[in-house]
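One structure is given here, and the rest of the page talks about it.
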């Protein structure tokens, strides 16, 4: 009897073995898949890329708001060289609602478009000594998407989403989590960046063994919308300085009245970011200074992003810069959408600026100028830079907000009471480039002959600025250093236009990453999982054979059972819905919340199963009436993009 009982137990144990092996195999394979999830975002090729090695890059979506299907799109480029330390620069464009692919393909990315089919190398790209991470922020911008009834309204909400994004991005790419982290951008990103920085500082206070601190090393804001009080007033001051409006004329009087009303409204409610009365100043100025007839037969107005240029009224710069005519069709190509890991069947297509994001953005939070003193005092350096020919976020407004701001025991750029830091003349390769001014952790750089998008005009100069701000040490790199001087004094050497050699640390890192890429390829093809299953089946078969031989020797027969062990998954249905509605320009919507005209309105959504490496589970919502929005455009007459920003859809730019 004892023999029978023991044999029965032994047989039962072997029958349970397939389930145990399957569970172990699935668990092990799942852990491996999670660890290698970054392979799903790898960009294997980029249509139109120039001959030569492709810059290593990853792109795709990360879910930040499962309740409303909010996903942020990122495009990450690996650094070409590692200097004295690892660095990552996050780049954000503004709007709100303007895509950071502006920055990727027209400003600081490794490639620019020669035409809509051809990429060329960008001499001065920011990924020379830093990894660069472009993010379409907030949800609904560019390739990012969200339910159309769930656009965000607040800067704090935007910052919270961004922290979630970073946590999941670093989980996918843990090799970058200990990098020195810089956040850079322009225009309305002057509101985004300080709020994100504040959220990181608060997160770091509660960091522990699991969620350890991020090394926030600095902020860079170009032509930023930061302080309404000084920057609205600077519209007319800039117009006087540039001769757009002459003092004492009837036109000057007509513009001085709304400027005075604007300042009154700001005095009454000083903690707002946008004021309707103030937005009318720029609109009126562009309209009343328009004159002459261009080749199109339309009146000519000043380009608000570069007053050296003229444009058809009422566009006034919204079709600028000229590269934009190639960027839009390029990012809508099916092969590009596939390469960047976008679901091509369910995307409305990329648009530079989504007017719906701006129209739904109604921040009640204070302007970001109120955050800068605490950020500076926390030890995070800030660099503000301006293109001298930009009107919409002009340098006079930036210089005024610095002069009025108090931080680290002083006001403005004063070194001691009554003594201010000097403006140091900057020459770059023998040409006047601008000036630098610095005090108490804040640096200001003015770029001569430059627009709202300084990196578009001078990629090599802005890269030189970045490298100096980051403290790049090229001693281990080599290469031809640029001649960059302040007041004639040669600055520490940085290379511009590519380093000749590479550091040992970078070579070792590359070798390790190539090895990891092989394992990712195995995982992606399923070969590893297949091997595991075959081995597990062989082991189980051997144990069954051995057991049957043993029981046969004891006078018992193995009995086949009808049990089946299976592990199944229930696929979730995709969520669908229509993107409806159009944006109407009001006030400066037609100027700053641009990019309108005809928009794609077919039903769109995203298959979440393709993006679930780090996604949270979300409840089914089969009755949602208006689902994912990705790059909806506003419907201004010229089909152009928004700018600086505004809760009323009136501002910002890229």
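Yeah, the Cβs are placed from backbone N, Cα and C, and that goes for glycine too.
Under the heading compositional bias 'Polar residues', Swiss-Prot lists 567-583 (among others).
The feature compositional bias 'Basic and acidic residues' is assigned by Swiss-Prot to 612-626.
Per Swiss-Prot, compositional bias 'Polar residues' is recorded for 645-654 (among others).
As annotated by Swiss-Prot, N-linked glycosylation site applies to 345 (among others).
Sequence annotations record features per position, and here Swiss-Prot assigns N-linked glycosylation site to 441 (among others). Cβ neighbours within 10 Å of residue 441 (N-linked glycosylation site), excluding its own Cβ and spanning all shown chains: 17. In this structure, residue 441 (N-linked glycosylation site) belongs to neither helix nor strand by DSSP; it is coil.
What Swiss-Prot lists as N-linked glycosylation site is 449 (among others). Its Cβ placed at the centre, residue 449 (N-linked glycosylation site) has 15 other Cβ atoms within 10 Å.
The N-linked glycosylation site annotation in Swiss-Prot covers 502 (among others).
The feature signal peptide is assigned by Swiss-Prot to 1-29, with sequence analysis given as support.
Residues annotated as topological domain 'Lumenal' in Swiss-Prot: 30-524.
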Given residue 441 (N-linked glycosylation site) and residue 449 (N-linked glycosylation site), what distance in Å do their CA atoms have, once rounded to a whole number?
26
Secondary structure at residue 449 (N-linked glycosylation site), reduced by DSSP to three states:
coil
Averaged over the topological domain 'Lumenal' (30-524), what pLDDT does the prediction give?
91
